[in-house]
Structure formats: C-alpha cells, structure tokens
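Input: a single structure, listed below in structure tokens.
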Amino acid sequence: MQTQRASLSLGRWSLWLLLLGLVVPSASAQALSYREAVLRAVDQLNELSSEANLYRLLELDPPPKDNEDLGTRKPVSFTVKETVCPRTIQQPAEQCDFKEKGRVKQCVGTVTLDPSNDQFDLNCNELQSVILPWKWPWWPWRRG
C-alpha cells in the first residue's frame, strides 16, 4: 500500500516537471519588445556607469521596420536624462524623477530582442545646451 502511494506521488511529480519543462521554454523564447530591450540596455548602462546618479529613458526613436528575429541586432537611438536617484540605490531608474537641469545623453547603437542575451553595443554622448547670444532688435531704432 505504501509503495503504491509512493509510486503514485512520484508519477505526479514527474507529470508536474514535464509540464513545467514545456511551459518554461515557450515563456523564455518570447521576444522582448523594442522598448523593453532599450530599457534593459539603459539598466546595463546604469550598472556600468561611474557617474553619481542613475539615468532614465527620456525619448525613444521609432523602431526599425524589419523582422522580429531574436538574435538579430536592432539599431536603436534614444536619449536618457539624469535622475535624482543615486546610482548606489537599489531602485529601478523608471521610478526616479528626472533631475532639474540634469545631464542629457544621446545614445545610438544596437540591442537584441532575445531575453536571454543582454548584449548591446551603445555609444552615449552628452548633449550640450546651445545658448544663443541675445541681441537687441534693430527695428525699433530704424531710421527712415
């Protein structure tokens, strides 16, 4: 009697493991969206950064119009902005407010949509604000 119960229990566990094995690969094979892939790249940039504060996605250019092949590198272009959260904090950058007058960086490169592949190739450069010299308008003192 005891042997039959143990055998039945083992059979149930085997069935559960089989079902779990069928479900897990299909879940991991789903491609990341273009935005999700970029957000993962921003997270990696924050981890590798030596700057004091985290950066957060500010603007994302439209995705390329090509196939959804997981392994293919996709070109990306986006801007990130410095947040008020220190880099040492264990908080997602998406939950941090942008820093007033924080640095803004333009990033270009490639990412993959494969959730098991965190490889990306990005180059981010700080955008410099352009200050135009203000001149007095000439028209009020126009001579006729």
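The backbone N, Cα and C atoms fix where each Cβ goes, glycine too.
Residues or ranges marked as signal peptide by Swiss-Prot on the basis of sequence analysis: 1-29.
In the three-state DSSP assignment, the secondary structure recorded for Cys85 (disulfide bond) is strand. Cβ neighbour count for Cys85 (disulfide bond) (all protein chains, 10 Å cutoff from its Cβ): 21. According to Swiss-Prot, the feature disulfide bond maps to Cys85-Cys96 (among others), an assignment based on similarity to another entry.
All chains included, 18 other C-beta atoms sit within 10 angstroms of the C-beta of Cys124 (disulfide bond). The disulfide bond annotation in Swiss-Prot covers Cys107-Cys124 (among others).
Taken from Swiss-Prot, the feature arginine amide applies to Arg143, supported by experimental evidence.
When secondary structure is read from DSSP and collapsed to three states, Cys96 (disulfide bond) falls in the coil class.
Cys107 (disulfide bond) is 20 Å away from Cys96 (disulfide bond) when you measure Cα to Cα.
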